[in-house]
Amino acid sequence: MTLTRRRLLGTIGAATAATALPGLPALAQERSIRHFWWGNPTRDKNTFAVIEIFQGNHPEITVSGETIGWGDYWTKMATQTAGGNMADVVQMDHGFINEYVSRGALRSMDDLVGDKIDVSHYDEGANAVGTIDGSLYGISIGATSQAIPYNKKVFEAAGVEFDPLSWTTDEFADACAKITESTGGEVTGSEDLSLYIENFEVWVRAAGNEMYTEDGKIGCTPEDVASYWAFWKELRDAGVIEGKDQTVILDKGMAELGIVKGNTAATFRYANQVGAVQALMVDPVGVAMVPQRPGMGYGHFVLPSMFLSITRDVGDLDAAALYINDWINDPESIVALGLDRGIPPSQTGREALAPSLNETETAVVEYFGAIQPKIGPRPTAKPKGAGEVRDAFMRIGTEVVLGNMSPEDAAAQFTGDAEAILFRANR
Amino acid sequence: MHRFLRRNAAGYLFLSPWLIGFFFLALGPILASLYLSFTRYDMVTAPVWDGLGNYQYMFQYDRRFYKALQVTFLFVALSVPLRLAMALGVAMLLDKGLRTIGLYRAIFYLPSLLGASIAIALLWREMFGLNGVVNGVLALFGIEGIGWITSPDTSIYTIVILAMWQFGSPMLIFLAGLRGIPRDLYEAAEIDGTPPWRRFTRITLPMLAPVIFFNLVLQTIEAFKTFTSAFIISNGTGAPADSLLFYTVYLFNEAFKFFRMGYASALAWVLLIIIAAFTALAFATSKYWVHYENERD
């Protein structure tokens, strides 16, 4: 046999086709979908439980769940997007959904809603953020708000008395000092939140600004940034918050958090994650609002903690729609999910969940109810490039934490960099 | 043509797996990335021609590009000589004619097999952490440790040490080279009463020069391409404060985190040119210090 160019190309073509074949339904009765989410141990357990329930109700469909931590999730998602092999159903975040919709990676669900996916019971406006340019791309699977989980036992032992729903930054600083002092430095008052842009956003809004303007530019001012980093610097210099070596490790897994390891008494999380923090701890965890600066507003807002989206690469669309519909409507699934992904955005969902809540979860639901009157309007959707701005915030903030830059200089650099990032991402 | 084939067919046949791989798997993507480097490409929508835009941005505005170069050059300058010295040192120890040499060779080669793995990078992160083994040992001597990886002043050295530890493959090549040095040279030197250090500088090093050169070129290229350890130890970001922003880590993030495949392709081509330049430099200087025994002048 002589190997001609044509034959060689033909062979390669055939080989390529053969590898592509498994994508087609090889066995007609076997239907399957893939669901990809970022998780934590609690969430993964709950989600696999929901998958079990779904497969029990629909034995003809197999769901393969894929889970990974937040930090790696977006890298893997981007790679899969590029490779054209996104999962059928993915979990989306309000900071990223715009980016994926604008690149055409998600599929509009307008034609499914009302027919295959029932959202008629949803709260007014619950799907507003997931609706982009008038089309629904992300179905909210839970509402949440910012929160400060704190170690109740440590706070009480140190004699800290405060109102979790109205405490100020001064009271917060006092609490940190008291805790550090009463434990002889064993436990500091709080994690150093310098590098948490999610917590910083509350600070910005309390001052009457927005993180991003409506036309997608940076909205926080250098003063916002400088005052925020200066606030934490003062606590750091006083030694009443966690040390810099822990602070500069970015996007730590939940088990690595100081509050879980017992080094500090408080941290920042979204309210829906408090249950997962508690699951890793023995001491009881309480929920407080982000402390407000005296004379300023609260800055909190309610946001969808995550969305379910159908991707451009969806194979079995009917199965994907059925799966999403069960997620948000099947009472058994709602109970299995618990609160980890947020408060269910419908009265039906909340009622289904109520009897099964544990102590921490009840506290979270109460917290969520109690902060409602103190909550401002929802900010506009984050522009393309917001993920990169977040990285810049952590990177430049690190220089402040390590004492290489003053809060003022770093703030000027951050706002400048953020402007450049947003310009480049949206040109 | 016919004679050429008859003479070389066997050679090309043995080369064919590589050639097929290169032409069908590597060449296409390489040319595609050259094209993409002149475009803006977000991996989902079609690439948009941008001329020299990526390169202009890189050299004119991109501070992180220069930071990445700085980190990578520092790493290459430190890790390559250290790794080669380590490899040569161990190779000379093993060249003493031990009976269990096979065992030792395997043991010393082991880190090179493991070193590039994610598990070792994770282990490294723990070892040099604030409460890690390294600080534990220092504490025994009354020295208070620091967060080696979380401090930008020291983080890169942890990766240099990791690279140094993976001295296996240059060691094996050195070992083969040492075996090739005629014993009678040493015997003659010994009879003349030449001290060991001079035997090393006057016999071992010159005789080994071609092997050193080979290892230098290979290891330099390898060092420029370092990725896994920096990526894992810095949590994929180059943190703290971009002190671990290796060129490849920056490139990876531009491509797969921020959807700038065009820009990342341009970065890749600049890295290729840098590596080519260093290799060319090594070859250009080699005639002054590398002498091949069979090239009598």
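For all residues, glycine too, the Cβ spot is worked out from N, Cα and C.
According to TrEMBL, the domain 'ABC transmembrane type-1' annotation covers B:69-282.
Positions annotated as transmembrane segment by TrEMBL: B:12-38 (among others).
The transmembrane segment annotation in TrEMBL covers B:68-94 (among others).
Outside the transmembrane segment (B:106-124) by six or more residues, the chain places 90, 94, 158-159, 162-163, 165-169, 171-172, 228-229, 231-233 with a CB less than 8 A from a CB of the stretch. TrEMBL lists B:106-124 (among others) with the feature transmembrane segment.
Annotated transmembrane segment per TrEMBL: B:130-149 (among others), in sequence order. Away from its own ends, the transmembrane segment (B:130-149) comes close to residues 155, 157-158, 233, 240 of its chain (Cβ-Cβ under 8 Å, at least six residues beyond either end).
Long-range Cβ contacts of the transmembrane segment (B:156-180) within its own chain (Cβ-Cβ under 8 Å, at least 6 residues beyond either end) map to 71, 74-75, 78-79, 82-84, 86-88, 90-92, 94-95, 105, 108-113, 115-116, 120-121, 124, 128, 148-149, 204, 207-208, 210-212, 214-215, 218-219, 223, 226, 229-230, 233, 243-244. The transmembrane segment annotation in TrEMBL covers B:156-180 (among others).
Taken from TrEMBL, the feature transmembrane segment covers B:200-218 (among others).
The transmembrane segment annotation in TrEMBL covers B:230-250 (among others).
For B:262-284 (among others), the entry in TrEMBL reads transmembrane segment. Taking Cβ pairs closer than 8 Å, the transmembrane segment (B:262-284) reaches residues 33-34, 36-41, 47, 50, 54-55, 57-58, 65, 213, 216-217, 220-221, 224-225, 247-248, 250-252, 254-255 in its own chain, all 6 or more past its ends.
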